[in-house]
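Engineer: Sending over a structure as structure tokens; questions will come in a sec.
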């Protein structure tokens, strides 16, 4: 059986799955042909078990349909083709969220050939393989006293003898306790906690990606703060990628590149934000490539963030993209309504402000793009409340966020939703308003109605009237139907998510 057949079937499966599922579970798989048998390699036990349970049956069907029609011989193994260095499922306890949703991982370091034992497809025993670790993290096995609080951000200088001095800022308020968890960030939070609590057995590198203001930086700081809580002597360095570039340029100017290398390669944990700024900076990428390799070979933790999936960063060398996939890559999605409400309630509680639940719900319904804008809106409301000497009510919120709400209403109108949905499904707006019931029109119409209910303040009768004079029960049925399909139909779920993102950003 050929590898080409496998690739053909994987492409067919790509069309059936949401992009995030495909990138998380199928993309990391490697394959090689051994006679009539296909050997499929998963990077670790979790990916293997998940693929076995969720996708193996469909893959075998596709292989049979597109091959000889006979069920193929296929083995699932842990490792990588051509015997890459051994990788392991961690010894430490793994949260259910991580176990259920491990992201784009590939085999770790290249090393002398090591045999990869086949794993029975239905097996579930833990697989333990050697991993290297850094002795300085051994001290984290027992909790230590937390470092003294220093306001919002702690100025913490980490110095290596004979090397550059670099001051790293960890925001002491960005902790796991202050992070509001929801469906959109559950996996990212679980993975970050695993790294923070078990630095010798976590995922390296941990790569978090997603839009602006979704909590990636918060989680990165939370990991750093937790590492320092467990071991105040740990050398934890947080910086923006532009700081790395600036340090390198300065080192070159001072003829101190060796000191620069010594500093960055001696830390216990390196946390770099917005890695996409390395794009098209060839010398910076070259230096970071070697720094990254040195850190992982020493068992030192690396955490990176970006505004997009690493493979999609243009101007970034392929070898870096490949290495970023060695560990765990996790998407952070925009928060859903319930999470937005929880964030507002928590922020109000931290500010010792009474925020009625209906007021939080009102703000959360209208500010949808990211957490940063949500917090900014709440700060405006609180300030307005203090200045006016009034309690926070929906009326006060309307006054304090008047310009912002007007902009949101302008951006997200039923007309705009209809136009966006029609363009997405390549139909006419008149089709959405017509009486046609063919699936190619009826389903987009239901999607548009559901989006109108979620994104606007119109009542069901008003929405129905704007969709060709339909009854409010038709709109209610459409909303319920789309909510059901989002749970069972991958295509509808992906369509809805794409349209929601387009309409709210």
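Each Cβ is built from the backbone N, Cα and C atoms, and glycine gets one as well.
As listed in Swiss-Prot for this protein:
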- 213, 215, 216, 217: ATP binding site (BINDING)
- 1-90: region 'Domain I, interacts with DnaA modulators' (REGION)
- 91-168: region 'Domain II' (REGION)
- 169-385: region 'Domain III, AAA+ region' (REGION)
- 386-505: region 'Domain IV, binds dsDNA' (REGION)
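I'd like these features described in context: how deep, what's nearby, how far apart.
Structural biologist: DSSP assigns residue 213 (ATP binding site) to coil in the three-state reduction, outside any helix or strand. Around the Cβ of residue 213 (ATP binding site), the number of neighbouring Cβ atoms within 10 Å comes to 18.
The region 'Domain IV, binds dsDNA' (386-505): residue composition by secondary structure is 93 helix, 0 strand, 27 coil, according to DSSP.
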Engineer: Where's the emptiest Cβ shell within 10 Å among the binding-site residues 215, 216, 217?
Structural biologist: 217
Engineer: For the ATP site (213, 215, 216, 217), what does the 8 A shell look like? I mean other same-chain residues with CB within 8 A of the CB centroid.
Structural biologist: 210, 212, 214, 218, 219, 305, 332, 370, 371, 372
